[in-house]
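Database features (TrEMBL):
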type: SIGNAL; residues: 1-31; note: signal peptide
type: DOMAIN; residues: 36-342; note: domain 'Plant heme peroxidase family profile'
type: DISULFID; residues: C46-C126; note: disulfide bond
type: SITE; residues: R73; note: site 'Transition state stabilizer'
type: BINDING; residues: D78, V81, G83, D85, S87, E99; note: Ca(2+) 1 binding site
type: DISULFID; residues: C79-C84; note: disulfide bond
type: DISULFID; residues: C132-C338; note: disulfide bond
type: BINDING; residues: P174; note: substrate binding site
type: BINDING; residues: H204; note: heme b binding site
type: BINDING; residues: T205, D258, T261, D266; note: Ca(2+) 2 binding site
type: DISULFID; residues: C211-C244; note: disulfide bond
Amino acid sequence: MAKMAFSFHSKPLVLQFMLLILFLLGTRLHAVEPPSLTLDYYASTCPVVLETVKKEMECAVLSDPRNAALVVRLHFHDCFVQGCDGSVLLDDTITLKGEKKASNNIHSLKGFRIIDKIKNTLESDCPGIVSCADILTIAARDAVLLVGGPYWDVPLGRKDSVTASFEQANTNLPKADEGLLSIISKFLYQGLSVTDMVALAGSHTIGMARCASFRARIYGDWEATTPGYDPISESHLSNLKSVCPPIGGSDNNITAMDYVTPNLFDNSFYHLLLKGEGLLNSDQEMYSSVFGLETKELVKKYAADPIAFFQQFSDSMVKMGNITNPDSFVSGEVRRNCRFVNT
Ligand code: HEM
C-alpha cells in the first residue's frame with residue numbers, strides 16, 4: 001500500500017512555520033521586477049555574443065553532457081546570492097572572500113572553466129563589453145536547450161558585482177536535507193513562487209549528486225516513499241547503496257539524479273517523484289511531505305504534461321535570471337576576468 005503524506009523532516013510543523021515567518025519578516029524580499037534588462041542589449045556593442053556562447057556551449061556539452069548541468073546549477077547559485085551578478089564566479093583573494101568554499105558549493109559546484117573559456121573568447125571579440133553574469137545566464141539557457149530542454153529569450157544587461165557573499169551562500173541556498181517549508185521560504189525570499197520552485201527543481205532531470213547529498217535518504221526514508229515492492233526500484237536502491245556506502249570516505253562518489261534519462265532534459269524527474277524514487281530528500285518532499293499539498297499537485301501536473309513543465313520552466317528561469325543586485329547596477333562593472341574584480 002502506498003505510504004503517502006509522509007514527512008521526513010524531523011522539525012515539527014510549528015517550528016517550520018516559525019522559520020518561514022521569521023525568514024520572511026526578518027529579511028527583505030527581492031523584487032523580481034524587470035530591471036533594465038533588454039533582449040537586444042548587445043545588439044550594437046557585441047552582436048556575436050549569442051552565437052559565441054552557443055558555440056562554446058555546444059563544444060562543452062558535446063565533450064561531456066554533464067557540463068550542461070554544471071552551468072545551470074552555477075547560474076542558480078549565482079542568482080540566489082546577491083542576485084544574478086556573477087558573484088559566484090569570484091575566486092578568494094586577500095581582500096575578498098568568495099562563495100566557492102561555502103558549504104553548499106565546496107566540493108560540489110563546478111563548471112567555472114567553461115565560463116572562463118567563453119569569457120576569453122568574448123574578450124577578444126568585444127573587449128570589456130559582456131558581463132560574466134550575462135554570459136552565465138545565456139550559457140544556462142543554451143545548456144538546457146542542448147540537452148533537449150526548452151528555449152527562452154534571455155534579457156541582458158546585468159553588471160558584475162565587485163563583492164561576493166560567503167554568508168549568503170551559506171544561508172540563501174537550499175540544502176538536500178532541509179524541510180520543504182524552509183526551502184519554500186528561500187524561494188519566496190527571492191521573489192519566486194512555489195510554482196517556480198517546483199518547476200526549477202525540475203533541473204534535477206539532468207546532472208549528478210554526491211553520496212554526501214543522498215546518503216541519509218537511501219539509508220533512511222527511501223523505502224517509506226516507494227509504494228510496494230518493485231524489482232526495478234529495489235535493484236536501483238541496491239545500486240545506489242553500492243555507490244554510496246553507509247560509512248567510509250565515499251562522500252564524493254556520484255550518481256545521476258534521474259537514472260532513467262540522466263542526460264536528457266525531460267519530465268522524467270517528476271515521474272521518479274511519483275514512484276517515490278527522488279534521489280534527494282528535498283525533491284521527494286515536494287511529492288511526499290504532509291506540508292506539500294500544493295507542491296504535490298504541481299509534481300503530478302508536470303509529470304502528466306511535459307509541455308506545461310517546459311513552459312513554466314522557461315518562465316521561471318527568466319524570473320530567476322531577473323533577480324537583481326541593486327548595488328551592482330550602481331557600483332557594478334564588466335569584469336575582464338570572471339574570477340577577479342577589475343583593478
Ligand atoms: C529546490 C531546492 C534545491 C535543492 C535543495 C537543491 C540541491 C541540490 C543538491 C544537493 C545537488 C547535488 C550536489 C552535490 O551533491 O554535489 C544538486 C544538483 C543540481 N542542482 Fe539543485 N537544488 C535545488 C534547486 C535547484 C534549482 C532551482 C536548479 C536550477 C535552476 C538546480 C540545478 C541543479 C543541477 C543542474 C544539479 C546537478 C549538478 C551537477 O551535475 O553537478 N537545483 N542540487
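The backbone N, Cα and C atoms fix where each Cβ goes, and this holds for glycine too.
Within 10 Å of C79 (disulfide bond), counting C-alpha to C-alpha distances, fall the following of the binding-site residues D85, S87, P174, H204, T261: D85, S87. Ranking the disulfide-bonded residues C46, C79, C84, C244, C338 by other CB atoms within 10 A of the CB puts C46 at the bottom.
Sequence-distant neighbours of D266 (Ca(2+) 2 binding site) (same chain, six or more apart, CB under 8 Å from its CB) are G148, T205, P306, listed in sequence order. Between D85 (Ca(2+) 1 binding site) and D258 (Ca(2+) 2 binding site), the C-alpha separation comes to 30 Å.
Summarising model confidence by region, the domain 'Plant heme peroxidase family profile' (36-342) averages a pLDDT of 96. Taking R73, D78, V81, C84, C132, P174 as the candidate recorded positions, the subset whose CB lies under 6 angstroms from any atom of ligand 1 consists of R73, P174. Same-chain residues that are not part of D78, V81, G83, D85, S87, E99 yet have a Cβ within 8 Å of the Cβ center of the Ca(2+) 1 site turn out to be H77, C79, F80, Q82, C84, G86, V88, A133, S161, A164, S165, Q168, A169, N325.
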